[in-house]
Amino acid sequence: MQAEPVQPPIRASAVIRNIKQLVTVAQQPIEGASGALQVLNNAALAVYHGRIVWIGPDNEAEPLFLSTRQDGITIVDAQGAVVTPGFVDSHTHLVFAGQRAEEFHLRRAGVSYAELLAQGKGILTTVEATRKADAETLLALAQRRLHLMRDHGTTTVEIKSGYGLDRINEEACLHIINNLKALEERTSSSVPQQVRVVPTFLAAHVLPPEYRERRADYLDLVVEELLPSFVGLAHFCDVFCEAEAFTVEECRRILRRARDLGYRLKIHADQLSPSGGARLAAELGATSADHLDHASDEDLKALRDAGVVATLLPGCSYTLRSPYPSARRLLDLGLTVALATDCNPGTSYCENMQMMIGLAMAEMDMSLEEALTAATINGAKALALEEEIGSIEIGKRCELALWQLEDYREIGYHFGVNLVQSTLTLL
Ligand SMILES: [Zn+2]
């Protein structure tokens, strides 16, 4: 009779047990997992120094970890929760003051965006309010929104500047985003729930009013002064490529300079009209092109061939009452599709990624599996973080959402309430 081979103990600092359903969204096959999202029932996972080192059946965790008498091992009881990767919200404008509820209701009453602008409303209202607010207020407002996101299952948030639009205020907003990042990296509670923050510089959001007659001067300021001095404060540089904002040529100039300085690139592309933004994203090798409501099939194929992630933002269609872009069309063309909130006070005031999944399923022809993939691993791809986060796999960071559900397929079905019980990020 052959002796049982002795399995060498795996070093772990924490083991999460009693997971009813582990929805891994793994990109590589996991033993015992099934379906498009690689789901394991009655599972456990182990973590060492913040990285997942083992995934398997709960009943195998006991002998593997507890009998090896490892010192300082933390056991987390998931109490039968469904567990998914934390959401990766790859497009938000969280740092702002004021709100635009009046504008929202006027638009519903039939007042056009051009009329609103003529009345001095729209994005410039937010620029004015943000410039007037002090840094403490802006930080507190952004942190409250960030914690709402976390409470709805998000563990990574990209945050753009773009309501400062001059040296002092853009720099202040980027510092606030970086301060938020530092605050979130410090854990205070016994259940660690940090949110990872990714800063983006978006000076080319709209032309600031004081530059109305001096457009070229604003571009010079962004390209020659702001981009070089903000290296290290932002990972990404983003532009709003649209008739109401900046032309393809202007965006190309900004993004080329940004790329040379080491920023990664994003573009608000083809949202309100066929602006040429998607083509530019493909040409420059941007990490993502976002919105894409008016992108042609040729534009989309160019994005696909250049490996640019297509980020869809259904909250804008909801708020603007405009037709939803068809995610099905993008998926059929073979694009990598991400979903994000675009949380901002004008066109999508929503912190909740569960809502985006619901809208994507109801209005954009996505299956739950496609929408969950778009909200996790594909969001990570839209931030070039797919090696670190976005799925539950060996070697990745342990950044999870715990759900009060019997089955993950209740997501989108049981709607309008928060189904996430907590997030969990183990370091
Ligand atoms: Zn946006």
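Glycine residues also receive a Cβ, built from the backbone N, Cα and C atoms like all the rest.
Per TrEMBL, domain 'Amidohydrolase-related' is recorded for 82-405.
For ASP342 (Zn(2+) binding site), the same-chain residues lying six or more positions away in sequence with a CB closer than 8 A to its CB are HIS91, THR92, HIS93, ASP290, LEU313, GLY315, CYS316, SER348. Positions annotated as Zn(2+) binding site by TrEMBL: HIS91, HIS93, HIS268, ASP342.
Annotation comment: TrEMBL describes HIS91, HIS93, HIS268, ASP342 as Fe(3+) binding site. Other Cβ atoms within 10 Å of the Cβ of HIS91 (Zn(2+) binding site) number 30 in total over all chains. Look at HIS91 (Zn(2+) binding site): DSSP puts it in coil.
For ARG100, TYR163, HIS205, GLN271, THR347, the entry in TrEMBL reads 4-imidazolone-5-propanoate binding site. Take the CB of HIS205 (4-imidazolone-5-propanoate binding site) and look out to 10 A: across all protein chains shown you find 24 other CB atoms. Taken residue by residue with DSSP, HIS205 (4-imidazolone-5-propanoate binding site) is part of neither helix nor strand, so it is coil.
According to TrEMBL, the feature N-formimidoyl-L-glutamate binding site maps to TYR163, ASN344, GLY346. All protein chains included, TYR163 (4-imidazolone-5-propanoate binding site) registers 29 other Cβ atoms within 10 Å of its own Cβ.
Checking the binding-site residues ARG100, TYR163, HIS205, GLN271, ASP342, GLY346 against ligand 1 with a 6 Å cutoff on the Cβ atom leaves ASP342, in sequence order.
This prediction places the mean pLDDT of the domain 'Amidohydrolase-related' (82-405) at 95. When the Cα atoms are compared, ARG100 (4-imidazolone-5-propanoate binding site) and GLY346 (N-formimidoyl-L-glutamate binding site) turn out to be 6 Å apart. Compute the center of the Cβ atoms of HIS91, HIS93, HIS268, ASP342, which mark the site for Zn(2+); besides them, the chain residues with Cβ within 8 Å of that center are THR92, LYS160, ASP238, ASP290, HIS291, LEU313, ALA340, CYS343, ASN344, SER348. Within the same chain, residues at least six positions away from ASN344 (N-formimidoyl-L-glutamate binding site) with a Cβ under 8 Å of its Cβ are THR92, HIS93, PHE96, THR126.
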